[in-house]
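For reference, Swiss-Prot has these:
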SIGNAL    1-30  signal peptide
DOMAIN    39-105  domain 'Inhibitor I9'
BINDING   Q109, D148, L182, N184, I186, V188  Ca(2+) 1 binding site
DOMAIN    112-381  domain 'Peptidase S8'
ACT_SITE  D139  active site, charge relay system
ACT_SITE  H171  active site, charge relay system
BINDING   G276, Y278, V281  Ca(2+) 2 binding site
ACT_SITE  S328  active site, charge relay system
Amino acid sequence: MRGKKVWISLLFALALIFTMAFGSTSSAQAAGKSNGEKKYIVGFKQTMSTMSAAKKKDVISEKGGKVQKQFKYVDAASATLNEKAVKELKKDPSVAYVEEDHVAHAYAQSVPYGVSQIKAPALHSQGYTGSNVKVAVIDSGIDSSHPDLKVAGGASMVPSETNPFQDNNSHGTHVAGTVAALNNSIGVLGVAPSASLYAVKVLGADGSGQYSWIINGIEWAIANNMDVINMSLGGPSGSAALKAAVDKAVASGVVVVAAAGNEGTSGSSSTVGYPGKYPSVIAVGAVDSSNQRASFSSVGPELDVMAPGVSIQSTLPGNKYGAYNGTSMASPHVAGAAALILSKHPNWTNTQVRSSLENTTTKLGDSFYYGKGLINVQAAAQ
């Protein structure tokens, strides 16, 4: 590869990017009792700071209220009151306010449809979430400051961008979230939320990188004992060196997954890109939420399996979230599924993991367009 510049491009098409608002604080009133009592917070005026806690409690009790808790640092108390007590307390000269004891909710965590579509929650409910499995996201880096991601390590092979934990493109961060966004009550949930993410930067801010950078990234993954490699990238040109790298990774026991490509159809010709085209790599095509092949998804005899890749919600740099389209979004579903399987069967070889994924798919149609079908990680992990 010396002296030969071969650039490889990202395999995703951005049809939609939007920031998601997850949940909101509710002002819903706690359900009232049959006698009309509801929960309130009664606050006292600053001029009453010398009044004893006992006397403040009496102020509420004398109006028919039932004090639940008197706060230590806030001059107020929670109480159960009926409408009459509320009116009388609002008139009391010692009372500053009487407000509803509103109900707040944890910010909602969304489970992207793709996670459910491949049956990952069934493994989660059994306690298998990817623990002790290392996944290398060979991509544009990962924004390690994102609250929905926990990045265990990484390296950069891009000479001009030496920080793997800074994603100047957004692609790698989005891919990482699909693999392993945390189960932390915010944002989104990844396929394998407890997997260990490693940011291996091989693509620059413009979404491209030389094959030599990718090969360096694969070698780093081998040397650092990664269990799974995800490459949501590809190019139209084959390379003996790139093939040797992925073959070596598989020979070393790594499950290697790559996007099939976003080249759609071209008559009866294969449009699957490299490295997905190599036999040692699991090439992943994209379907939508109805299991229909995405029009952009590459086709060919090298296509192995399908996974969700249309309007996939995931993490973005800057503590954001958004939806992307592409086989780049499908591939990390399979990488995450491999991590789930390995968390349940830590002694399985990469060959067993791949076979289990391919032999338990939901058949969707002609293998030229759909490979072996949609992965079902619940069945694959049996």
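Cβ atoms are placed via backbone N, Cα and C, with glycine included.
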Least Cβ-crowded entry, counting other Cβ within 10 Å, from the binding-site residues listed as L182, I186: I186
Listed recorded positions (D139, D148), ranked by Cβ neighbours within 10 Å, top entry: D139
Cα-nearest neighbour of N184 (Ca(2+) 1 binding site) within the listed recorded positions, D139, H171, Y278, S328: H171
Local backbone state of Q109 (Ca(2+) 1 binding site), from DSSP in three classes: coil
Rounded inter-Cα distance in Å - L182 (Ca(2+) 1 binding site), S328 (active site, charge relay system): 20
Assigned element (helix, strand, coil) containing L182 (Ca(2+) 1 binding site), judged by DSSP: coil
Mean of pLDDT values spanning the domain 'Peptidase S8' (112-381): 97
Rounded Cα separation (Å) that holds between D148 (Ca(2+) 1 binding site) and V281 (Ca(2+) 2 binding site): 29
DSSP-derived structure type at G276 (Ca(2+) 2 binding site), helix or strand or else coil: coil
Recorded positions near H171 (active site, charge relay system), in sequence order, restricted to D139, V188, G276, S328 and a 10 Å Cα cut-off: D139, S328
When distances run from the Cα of S328 (active site, charge relay system) to each of the binding-site residues Q109, V188, G276, Y278, V281, the nearest one: G276
Top Cα neighbour of Y278 (Ca(2+) 2 binding site) in the set of recorded positions Q109, D139, I186: D139
